Every structure is written in structure tokens, then in C-alpha cells.
């Protein structure tokens, strides 16, 4: 089953209005009302056309509840508020919170650290499932992805702008250098699509890397049967933490030390050789035949 895509199915279904992309190589700019903090990983989007394109990637219907993570100066927030009556903006910087509450008064703006967000509680409060959108601070991309995966039952969709290298890892195929933990877990428990790249010039300050927008769909049809996320994550992490070793060595705590064999002679393969579906089969096998091993 194909569970990841590159550059496919990324058109907007949330609004009939089309966005325009500037033909000039010099993007339009919107003013930044305060100095970005490097400690918060702030690179503010200032191009209105790119903002329209990113917001247009969200497939949420008008009645859906949308949560923006790291709303910053409100470039996405304003456009989201035009499309959705129920909008929550999470922001850790008190300066940005003040700007957001003035600029987008109809949004529920909350001063909070996204790493402390209880997505299930927020979904219950707002009548979920939630749709998440974010120009993600690069240093928070992985924590946010794992947090969303861990609480995916209350989510329907996420549209995240991130470093292009990370986006490519998410949709990577087996037996490639980019294929790893994020690839397996996101392709197993969700449906990620790499939609388009975002040049550094549309941010202020300008980052040193190119970004990309990834849309991640969650739902019952993306859930593997009889497989618990925490168990799968434990096996996948152990396998890729020693990716140059054969699985019989990297997973020896569940196999060799417990006299448990591998299906299909997979013990002779490296982690990068197994597809996400094969990892699911292996995880079910270890769940059935091996005792749990505490996290290191």
C-alpha cells in the first residue's frame, strides 16, 4: 500500500478562491513588527502569496477547527480566519501574542509552549478532530511530529512547513539514505505528502536552508491493524539507531537474548531494507513472541 507521496494531491479543498504566485524572483514583503528571537527559532514568513499557497494546502472544510502552531505575526492566521470560524493560535512569544490578538481578534490566541499542548484535551474542548497548520521552528520539527503521531486519534490533518531535508526523510523510500525513523512511523500511522518547496527569501530573517510543506493525513484508514504506536516506535528506533548493523544485532534484546527468531529471515537485513509494512509485520511478531524490553 502506497502511504507517502511527493508533490501529489496538494490542491486546496478548503476554499474556492485561487492563490496567485508572483512571477518576479523578488517576493513581496510584509512588515515584521518586532525583532525575531534566535533562541525561539523565529523565521517569520513575510510573503503574502506564499502564505496563501500554504493555507490553501489545508483541506479543512470551513466548519473545521483549525489550530495554528507558532502563529508568529499572524501572516497565516489572518488568512485562516478568513476561511474558518473556529481558529486557535498557539504562540510562545508574548510580543507575538499581543500582535496576534490585535491583528486577528476573532482567533483564540493562547500564549503557550506547543511542547506542553495536550492535543486530546484541546480536541475535546473544541469538538475535534483538529486540523493543525504551522510554519514550524526547525528545532521543534521532530518533537512536534512525534507529539502529533502520539495523539493522532484527535487529529484529522497537519500542514507543516519544515526544513526540506526533514520533509524528504518523511516521504523517503526504503534502501535510501534519507529513509529512517520518521519515514517508517509517519508512513505507517499516517499518510504524508510532500507538497512543494519554500525558498529562504520569503522568510525574515532568511534561513540558510530551503523549506518544504508537508501535508499529513490522519484517520482510521491510515491506522495499521493490531499494532500499538509505542511498540512500533521502540522497535524502529532500536533498528535505526544502529542502522549499519543487521537487525539480528540491533534488535537482539528481543530476539537473540530471548531465543526469538525473525520472520522471512529479516534478521540478516539492515533496517533500511524493510518497508513500513514489513516493519509492522516484524513489530507484531515481536509483540507476540518476545517479552517487553525497557527503554534504554
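First residue shown is number 1, and so on along the chain.
Using N, Cα and C of the backbone, Cβ positions are placed for all residues, glycine too.
The S-adenosyl-L-methionine binding site annotation in Swiss-Prot covers 43, 45, 70, 91, 113, 135.
Residues or ranges marked as compositional bias 'Basic and acidic residues' in Swiss-Prot: 1-11.
What Swiss-Prot records for 12-24 is compositional bias 'Polar residues'.
Annotated region 'Disordered' per Swiss-Prot: 1-24, in sequence order.
Of the residues the record lists as binding S-adenosyl-L-methionine, namely 43, 45, 70, 91, 113, 135, the two whose Cα atoms sit farthest apart are 20 Å from each other. Summary for the binding-site residues 43, 135: the Cβ-based neighbour count within 10 Å is maximal at 135. Here the binding-site residues are 91, 113, and the one with the most other Cβ atoms within 10 Å of its Cβ is 91. The DSSP secondary structure for residue 43 (S-adenosyl-L-methionine binding site) is coil.
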